[in-house]
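Asks: Quick one: structure below, then a few questions.
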Amino acid sequence: MMGSMLFRKRTLVTRANFLLFRSFSVNVEKLSDASAEIAGILKQENWRDTLVSSNLSIEINPEVVLSVLRSKRVDDPSKLLSFFNWVDSQKVTEQKLDSFSFLALDLCNFGSFEKALSVVERMIERNWPVAEVWSSIVRCSQEFVGKSDDGVLFGILFDGYIAKGYIEEAVFVFSSSMGLELVPRLSRCKVLLDALLRWNRLDLFWDVYKGMVERNVVFDVKTYHMLIIAHCRAGNVQLGKDVLFKTEKEFRTATLNVDGALKLKESMICKGLVPLKYTYDVLIDGLCKIKRLEDAKSLLVEMDSLGVSLDNHTYSLLIDGLLKGRNADAAKGLVHEMVSHGINIKPYMYDCCICVMSKEGVMEKAKALFDGMIASGLIPQAQAYASLIEGYCREKNVRQGYELLVEMKKRNIVISPYTYGTVVKGMCSSGDLDGAYNIVKEMIASGCRPNVVIYTTLIKTFLQNSRFGDAMRVLKEMKEQGIAPDIFCYNSLIIGLSKAKRMDEARSFLVEMVENGLKPNAFTYGAFISGYIEASEFASADKYVKEMRECGVLPNKVLCTGLINEYCKKGKVIEACSAYRSMVDQGILGDAKTYTVLMNGLFKNDKVDDAEEIFREMRGKGIAPDVFSYGVLINGFSKLGNMQKASSIFDEMVEEGLTPNVIIYNMLLGGFCRSGEIEKAKELLDEMSVKGLHPNAVTYCTIIDGYCKSGDLAEAFRLFDEMKLKGLVPDSFVYTTLVDGCCRLNDVERAITIFGTNKKGCASSTAPFNALINWVFKFGKTELKTEVLNRLMDGSFDRFGKPNDVTYNIMIDYLCKEGNLEAAKELFHQMQNANLMPTVITYTSLLNGYDKMGRRAEMFPVFDEAIAAGIEPDHIMYSVIINAFLKEGMTTKALVLVDQMFAKNAVDDGCKLSISTCRALLSGFAKVGEMEVAEKVMENMVRLQYIPDSATVIELINESCISSNQRVEADAVP
């Protein structure tokens, strides 16, 4: 008998190991298969646990890691970086150099430059020879397929060596890049030159300088300055002077920045060299372009003091700069100064001043200059009139604008369609649609044909005012004039009709515009998408989104933001990121809302690093975060418990001049409460009052919860009373929190009294007394349990909400654990009478109760009733009932349920067994002498990956054999 048992044990071990090998092993010779398997695991959220528990028969060696990185099977480089870090942290063997290169390239391709730099720095720290590192990056770059600029990683490598202080290696990278025809940035070259000067490596300095010249790198003042220092340090003073004069030549071609040019100009004056007029003109022009107008004006004074001639050109440069800087008064002063100097003033200077003044809205000054121009004998031309008319119309003074239009006619000045259009637009904006229409008829009568812009303005305004018939009449007249509607006209029609929900008419114009050879754009499709969304016809909206893409139309940022938001709402952050990257690749610049929506989606799906990277990218693109953007970050880090980070972002937000609102404070306050930093939460509450912000119900709910969990019920109830005094109605969460807090301190009686503190009650919810019941049945005395149960059943708590399935499940479970099955069964029937459906938890509690009391015969009808009621058993329920069948010797029925359980797992993985459950099942079959059945069950457990490794298999087999031996010994007893 014992020999047979030993043989069976060995057979089981052999078969189990074979099954494990077939399920988890990877052929070492097939590297790509291993790479594919690992890549598949990496696509899972819990890839680390899966990878560790997979027990791959091959070791994850450097060759496999390299294969995974170069295979491009994993789209998320951040996940590849996490995998690489995890493998590298094992410190078993050194990773291959090419692995670093491929990973850095992938990160660069995804725009994660900071992460790429960290990988490069780790590569440098391995102390590989720079030639090998360079060769690896070149080789991998040639093999890599991506959209990143080839020069990005080489620049990062250069930065890495500089940051580590490896100057010679940085020079090697600089020199080697010449072979790839890469032009280094001037900023990088200057950093390298500066380092070489500090280390007095003039030999390498001149090599780098020569390379810069050969690659036509444009020098700035600082570069020339370092060159002069190098010459002087080498004793070549004359060469240093030559560089200075060469810099003057560069200055004349305006290749230096303005500050550098100013410094050079000062050095020239100090050396007794008076800059040429051309030099001053370039400087004034440069200063005006960067809006340093006071500096530009001071140069005008300096020119005069040095005897440099001032002419019309110099003044015009400064006047133009002042006008572009919206400083029309100063420009007007220069005009008078020119008159005093006897410099001829050209009419266009007046026109420019009048134009800017009109745009600034200083119409009195503009009109005064206009009248002064006439007084000086100059006749204003069409531009001056057009500027004034536009200014008056912009200020809604359409009548004054129209009078100037009449004056133009009297002076026989040709009126352009643009000027007519300005008056038409002004009248439309002021609501005088009939007057605008009369101007159009007046145009036609005078022989000036209205253009499509003017007609579109009229049509658009008629549609906005729901005068659809007039809009169609104007459209018809436009066509009769031989003017074909353009894309803007059709878009105005489609947008106006879509907003009025006249979608069929809008669609007819879409068909017409396509027939006329016009291609719909994002505004066209956007009108349909917005119209259908507003009408809650989402399927139709999706149809137009798809049609837009199929037609190759780029969406605008509003549509892109909407798509990103929808993806994030559905938890599809990969698709959301893809939509964002597609938007960026297509040159569409998002706004703060775009980035906020994406960051919020990433945080909600635990992509914290990616959310931070998007925030940095947002700042890098010059898009200023708003309160909502900062709120997403503060809320995300607060929920993660990283209050140091959340507080830092809060401080940054304040430093940026943004004022936090109550919602922002609630986010921080909640984070501090969850982290147990209740005093900091109280400080925030006080700070809100100091800043004039009124805490709302959420504020009080949050901090009351914090004090309850910290055990300070006195402060919690004080805030509870304060909340009600301020007219804020506590919701069910507040009551639940207070109940839970009282019960934690074993003050159940006080918890019961809470329900009588608010005569108006709170939002209908069973949560407060579910919390109470849980504590009462867990720790309360029998009398208290009976009292609460009676009050619950007689409706005393009904104003707070009727008992739900959770209420009954709590009570039934505790009664079953106490062995009070009759009371539990009575509650079960009351639950059904209250039209509440028992759940799998309800039935499992009853089954456990009967099993504990040894009343297994009563378990089986309960289980049958659960199945008949449509309950889907979980692994706990299956385990309980199967063990009951085994204990009663009903092996066949137990095996039927085991097969059902295995089949269910194969379909939806919804019933995966734990090791303890596996142990109980195998032991149960072994104890009743069903070793063949136990063997079959074990094979299924291995196949479905319930058992993680061979060691566990052997352990379970040993236990089963022991149980079987005990059965044999029991049978042998006479």
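Placed from the backbone N, Cα and C atoms, the Cβ positions cover glycine too.
For reference, Swiss-Prot lists these features for the protein:
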type	residues	note
TRANSIT	1-31	transit peptide
REPEAT	96-130	repeat 'PPR 1'
REPEAT	185-219	repeat 'PPR 3'
REPEAT	381-415	repeat 'PPR 9'
REPEAT	486-520	repeat 'PPR 12'
REPEAT	521-555	repeat 'PPR 13'
REPEAT	556-590	repeat 'PPR 14'
REPEAT	626-660	repeat 'PPR 16'
REPEAT	661-695	repeat 'PPR 17'
REPEAT	696-730	repeat 'PPR 18'
REPEAT	765-799	repeat 'PPR 20'
REPEAT	804-838	repeat 'PPR 21'
REPEAT	914-948	repeat 'PPR 24'
Asks: Would you mind listing the long-range same-chain contacts of the repeat 'PPR 18' (696-730), meaning Cβ under 8 Å and 6+ residues beyond its ends?
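Replies: Residues packing against the repeat 'PPR 18' (696-730) from afar: 662, 665-666, 669-670, 672-674, 676, 678, 681-682, 685, 688, 737-738, 740-742, 744-745, 747, 758, 760, 762.
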Asks: Would you report the average pLDDT that the model assigns to the repeat 'PPR 13' (521-555)?
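Replies: That region's mean pLDDT is 76.
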Asks: Tell me the residue counts in helix, strand and coil for the repeat 'PPR 12' (486-520), as DSSP assigns them.
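Replies: Result for the repeat 'PPR 12' (486-520), in helix, strand, coil order: 26 helix, 0 strand, 9 coil.
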Asks: Quick one: DSSP breakdown of the repeat 'PPR 3' (185-219) into helix, strand and coil?
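Replies: Tallied per class, the repeat 'PPR 3' (185-219) gives 26 helix, 0 strand, 9 coil.
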